[in-house]
């Protein structure tokens, strides 16, 4: 239905002054016209605060032609509209037959029975919650007041500032259009403003005379347009450091689905972060373009909901789209201190939390990958309404444990598994950031498994992804692990040495990896581990391995008040390596646990596949020169058998050592064939020396008699 409302103001002139007595309303609904005359007094009663004087001033019908011409000349006009033929995707899928229709304003327990029940949310109540705030969409300030009529309405917005308040960006949006406004205050105090408007052409706001959209539109395709609103002076100023590729910006905004577009923006933010864009944002084209794209990501979700009219929006689509927005909201908050108002539905959050309450978290890892991801997205979206006793950490840990048990040793994560674990990681991040978790053992297991997955090959794969700008650099278990030994030099030694990779890109990737770690350092802190209180100097901690009943703290000094102290004392170890088991979370009474114990060696490691005698133990490998390599947590007989039947132990490398960490706090070195091979090598060397010496003596004797 298309509704066209035209208000005609009838002015009665009395004694040289204008007064408003009535409003004539013309309605044209799908070709059927109706006319109404409403007395002004009745309209004022229905709409209190409506000022005829303000309407008169806003209309500015008495503006002379010279002023209008001057206003027109000030506003920037595009050299021409770029017409592009673009395919617009069908974003929201059709609702399956029999889906339960849920009103966002009337969510109650039992409205949906479980994850397997198809459901959708009614569009109108949902849209109302997403655009709940009332604010000024089109301000009465220049240059906007030259082009638009002032507009206050229901809206949402994304706002951030850089360099104090000297540079601001606000992306204000309704379900119909988005206006992204850049505002910069120069050192001289001059203010420059530029706005980009995106939306369906027919839904863009009305313009003041004498403006028309063709002169302001930069790009157009089918239903959508991208418009620039600024003055020639302001445009010239912004053009010094902001030269966006409007064709690419517009094409992506039109052709990508809401969820995929949000993921694209998230990937851009990670790459910006690699370059130090969070710590010291540069006012350049890339940063400013990304700001606009962040607001487009939020707009596309709200716009898609609004486009369904009085329909119903599939719950799985909502879970996926709002998960992406939640992740995006978190990273721009951490990176730029950005504020997001609106684009949040308490009804959706409540429904997601209720659905998760029907799931047995400890069994989440047994579901199909599709259901795991759906549940974890719901967990993230519903987190604000779930409460601290929801057990969501247990669900994320169950999924990670399932992935770990079937993951090949020392292999980087494959694409599907990386995506699933990325979704689950956000539940963990939420509880870590809020410091409210009641899931200590599950959280410790989650971080232990993440540490075990943070192998050299995994690190190499992530560095490759960061260097090439692919999604494999977006997430790694390393970011939530308990590894604190990853320095720049160490990461460079783990980086892939490929001819196709530019070394400068690899170096930037290493910086980006470290940037991710520093950004998440608070999240990766060990505050929730009971053994945390036994550590006096966190900067000396290299790794933490929390097993059942005992937590091993690996450090570069002896200042850990553990139950015992072991030292990895080998000839070529470039830096000290101490292992401090903290049994039953009890710190030693003294300053440290005493003199280091010698690590006993197992010469013949028993290879058994009949029972899991090593379940609950951990294996830690280290290089005498490079330090810690990786750890493996033995969770099941399958993992144990995989270790024993594979090339896990590289005993040919005499500089790599393997330590077995047990649940009673004992540390043993698995020498395997190391000592035997060393003796063989030594015997061969001695035999060669003896043989050479014999030849030499024979030569001397022969020469003596000659």
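The backbone N, Cα and C atoms fix where each Cβ goes, and this holds for glycine too.
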Next item on the list: If Swiss-Prot is the reference, give me the range from 662-682, 683-703 marked as transmembrane segment.
Entry: 683-703
Check: For residue 335 (disulfide bond), which of the recorded positions 454, 615, 664 has the nearest Cα in space?
Finding: 454
Note to self: For a quick check of packing: other C-beta atoms within 10 Å of the C-beta of residue 612 (disulfide bond), how many?
What the structure shows: 17
Notebook entry, point to check: Three-state secondary structure of residue 120 (disulfide bond) from DSSP?
Noted result: strand
Note to self: Tell me the coarse DSSP state (helix, strand, coil) of residue 312 (disulfide bond).
What the structure shows: strand
Next item on the list: Measure from the CA atom of residue 478 (disulfide bond) to the CA atom of residue 549 (N-linked glycosylation site) and give the result in Å, rounded to a whole number.
Entry: 24
Next item on the list: Using DSSP, break the region 'Interaction with gL' (165-229) down into helix, strand and coil residues and give each count.
Entry: 7 helix, 38 strand, 20 coil
Next item on the list: Rank the disulfide-bonded residues 454, 587 by the number of other Cβ atoms within 10 Å of each Cβ, and give the residue at the low end.
Entry: 587
Next item on the list: Within 10 Å of the Cβ of residue 615 (disulfide bond), how many other Cβ atoms can you find? Include all protein chains, please.
Entry: 15
Check: Measuring Cα to Cα, how many angstrom lie between residue 278 (disulfide bond) and residue 454 (disulfide bond)?
Finding: 25
